[in-house]
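Notes follow the structure.
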Amino acid sequence: CAASRQATCGAGCIPIPWLCDGEQQCPDGTDEQCGCECSSVPSVCGAKKVQCPGTHHCIPHWELCDRHQDCEDGWDEEGCPQQPCLPGQWQCRNRVCIMAEWKCNGIDDCGDSSDEDVCAPCPPGMVRCDEGKCILESLMCNDEDDCLDGTDEPSTCGELPVAAGHCPCGWGWGEPQSCPASLCSARVDIRSGDLYWLAFPHLSCPRTHVPCRDGTECVAQEYMCDGEKDCADGSDEDGCTQLCDTPGRSCSSYPCGLGACLNASLVCDGRQDCTDGSDEGGNCSVPCQRSCAQLCYPSPQGPRCWCEPGYRLAENGLSCVDIDECTEWGEGACSQTCLNAPGSYSCGCLPGYLLEPDGRVCKLTGPEPMLLVAVQSDLLTCGLRSGREEVLLSTGKDRVVFSLDYDLEERKVFWMDLATESIRWQDFDLGKKGTLVKGVRSDCIAVDWLGKNLYWTDGAAGQVLATRLGAAWRGIPEYTVVMDGDLDRPHSLVLQPLAGLLYWSEVGSHPRLMEATMDGSRRHVLLAQGLGWPTALALDLSTWRIFWLDEKLGSVGSAHLDGTSVKVLQLGWVQSPFAAAVCEGQLYWSDRKAWSVQQVDKASGKNRTVLLKRHGQPHGLQPCPTVAMLTRAVLAGTNGCAKSNGGCAQLCLPNP
């Protein structure tokens with residue numbers, strides 16, 4: 001053993017700080033026989049911390065051998081005992097244990113990509129880093145190391161000094177030339193003043209997005225001319241004094257020759273407002289004599305009719321028709337309810353909410369809303385306004401709280417314990433705890449608080465299963481298979497107990513979102529296009545939409561619960577989402593790669609905030625019980641199993 005860092009422990013070695021720490025690590029207990037060897041251990045950082053050698057940095061004892069490097073030189077992870085994985089699990093290079101079926105699924109579940117090192121080729125549209133991880137082709141040469149080893153930023157996409165105006169890939173100062181393999185972006189060396197070009201792989205944007213001028217990224221169409229620079233080069237805000245189809249502006253504003261739009265009052269005013277001067281000259285002097293329904297303005301093409309805000313010009317060019325903002329703008333208009341009116345609209349809120357001064361967003365009344373979050377072995381609450389964190393329970397160092405859900409009536413929290421392959425529970429009020437069912441593997445669990453059932457998905461078996469919330473482990477599994485057969489790796493699962501419906505995502509060879517009644521019947525495809533790996537689902541019952549986060553595509557999507565009105569936003573910070581929740585106009589999700597819980601505006605995908613970041617991977621995520629209670633009060637209803645267990649002796653599954 002390393003004399004300065006380790007102590008002998010039987011046939012092996014343990015870190016010195018593990019001596020006399022109150023926990024027996026050696027089989028013979030010699031690490032807790034606190035004689036002279038223990039008393040000689042220096043206590044530089046106090047009783048509860050240990051000093052990283054050669055530094056003034058102190059870390060808690062529990063960060064030793066936790067499979068994460070906390071000391072700069074990695075001392076806290078040296079000489080750590082190898083902990084074998086449980087049956088059905090696979091040990092990563094960094095000693096993390098993952099489910100065996102997660103190996104070679106295209107996702108870095110280990111965190112060091114060792115589960116993807118020796119796997120089949122990456123899916124179409126992706127490339128493999130030398131370390132083994134698959135990343136999107138669009139992440140190559142983006143000036144950021146998306147591969148841990150930096151192989152996505154090779155020297156071939158570095159700076160190539162060339163004569164000004166000549167791009168190696170054929171993109172010059174004039175019209176774009178043929179460039180099937182790559183695009184070029186101009187860069188200037190500040191020190192020398194020389195002009196350089198950066199070569200990037202060809203950028204292919206989804207139909208809902210547009211490329212930035214430098215060709216390095218895509219932004220959503222909704223982000224064009226919204227007052228915020230979303231492209232790194234700011235090209236999404238160029239020439240945006242007024243844009244014809246921007247929400248809140250008249251669709252009959254004057255279009256400039258280069259695409260921007262002006263308010264009609266700026267046309268023919270003697271000042272050049274369009275960059276190309278197309279708003280002046282021509283027939284500007286011809287007076288307005290048309291039979292316009294609302295207003296008339298002069299233009300270089302002669303007099304034209306236009307409409308007040310809230311209206312658009314009809315096809316006859318004379319009359320005006322009302323714009324239904326509630327339908328056309330969707331969630332961009334109101335966070336909950338929307339009422340259209342002639343030339344205008346107004347937002348409203350469900351009972352238990354108040355409308356914010358912006359006239360669009362609804363906020364909960366009463367106590368601060370909270371999120372339930374599972375981080376490694378801890379279950380904690382996080383205030384959505386204050387950010388205050390409180391640990392509710394800790395399951396032990398070797399037990400990971402995976403997926404979780406909450407029974408708002410019984411005030412019980414349920415979670416998947418990977419170490420024991422069991423679904424466990426704890427009562428917040430009485431402190432009681434127990435095991436619901438053993439011998440199961442689950443990617444996601446969900447509670448039917450009306451029918452008193454718990455559902456879970458088993459991706460490896462391709463099943464959705466269920467059991468009674470009141471079940472007690474008696475040595476024999478008591479559950480039923482709700483759906484089986486043609487499920488292609490079911491993953492995330494959410495319930496709508498009031499309607500007796502369940503929704504789940506499948507992340508197999510043909511990813512899709514599915515819907516069925518809660519007894520497994522009337523199954524149908526909700527969405528099967530434009531998906532990669534939809535690993536996190538959330539329902540927003542205030543707007544009757546389903547949200548998903550896609551790990552492969554790095555996107556956030558949403559749709560009505562009937563599969564219509566699909567909206568997808570590509571967001572670069574969506575890396576490895578596990579669970580999601582919606583509350584007060586915000587979308588929250590846990591990200592295993594970033595070790596954080598983040599939030600964005602659910603309608604625009606903007607205003608990203610890191611709500612929580614702790615040591616350890618976050619997994620399960622649920623909106624606070626307060627929100628669930630209010631939602632239930634607002635949407636009061638029942639399902640067939642809510643009363644007397646539907647007359648069933650054992651398990652009752654709703655079929656509305």
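Even glycines carry a Cβ here, placed using N, Cα and C.
Annotation source TrEMBL lists disulfide bond at C1-C13, C65-C80, C85-C97, C92-C110, C104-C119, C122-C134, C129-C147, C225-C240, C256-C274. If you look up TrEMBL, you'll see 347-362 marked as domain 'EGF-like'. The annotation repeat 'LDL-receptor class B' is assigned in TrEMBL to 500-543.
Here the repeat 'LDL-receptor class B' (500-543) has long-range neighbours at 105-107, 123, 206, 331, 335-336, 350, 362, 444, 446, 448, 451, 453, 455, 457, 459, 464, 482-483, 487-494, 549-553, 555, 557-559, 561, 563, 566, 568, 576-582, 587, 589-590, 602, 631, 635, 639-640, 653-656, meaning same-chain residues at least 6 beyond its ends whose C-beta is under 8 angstroms from one of its own. Distance noted between the C-alpha atoms of C104 (disulfide bond) and C13 (disulfide bond) is 33 Å. Among the disulfide-bonded residues C13, C92, C134, C225, C256, C274, the ones whose Cα sits within 10 Å of the Cα of C147 (disulfide bond) are C134, in sequence order. Looking at the domain 'EGF-like' (347-362) alone, the prediction's average pLDDT is 87. When the neighbouring Cβ atoms lying within 10 Å are counted for each of the disulfide-bonded residues (C13, C92), the highest count belongs to C92. For C92 (disulfide bond), the nearest neighbour among the disulfide-bonded residues C134, C225, C256, C274, judged by Cα separation, is C134. Taking the Cα of C256 (disulfide bond) as the reference point, the closest of the disulfide-bonded residues C13, C129, C134, C225 is C225. Packing around C274 (disulfide bond) is summarised by its Cβ count: 22 other Cβ atoms lie within 10 angstroms of its Cβ, all protein chains included. Among the disulfide-bonded residues C13, C129, C134, the residue whose Cα lies closest in space to that of C225 (disulfide bond) is C134. For C256 (disulfide bond), the number of other Cβ atoms no farther than 10 Å from its own Cβ, over all displayed protein chains, is 21. Within the set of disulfide-bonded residues (C104, C129, C134, C147), the lowest number of other Cβ atoms found within 10 Å of a Cβ is recorded at C104. In the domain 'EGF-like' (347-362), the DSSP tally of helix, strand and coil residues is 0 helix, 6 strand, 10 coil. For the pair formed by C13 (disulfide bond) and C129 (disulfide bond), distance between Cα atoms is given as 35 Å, rounded to the nearest Å.
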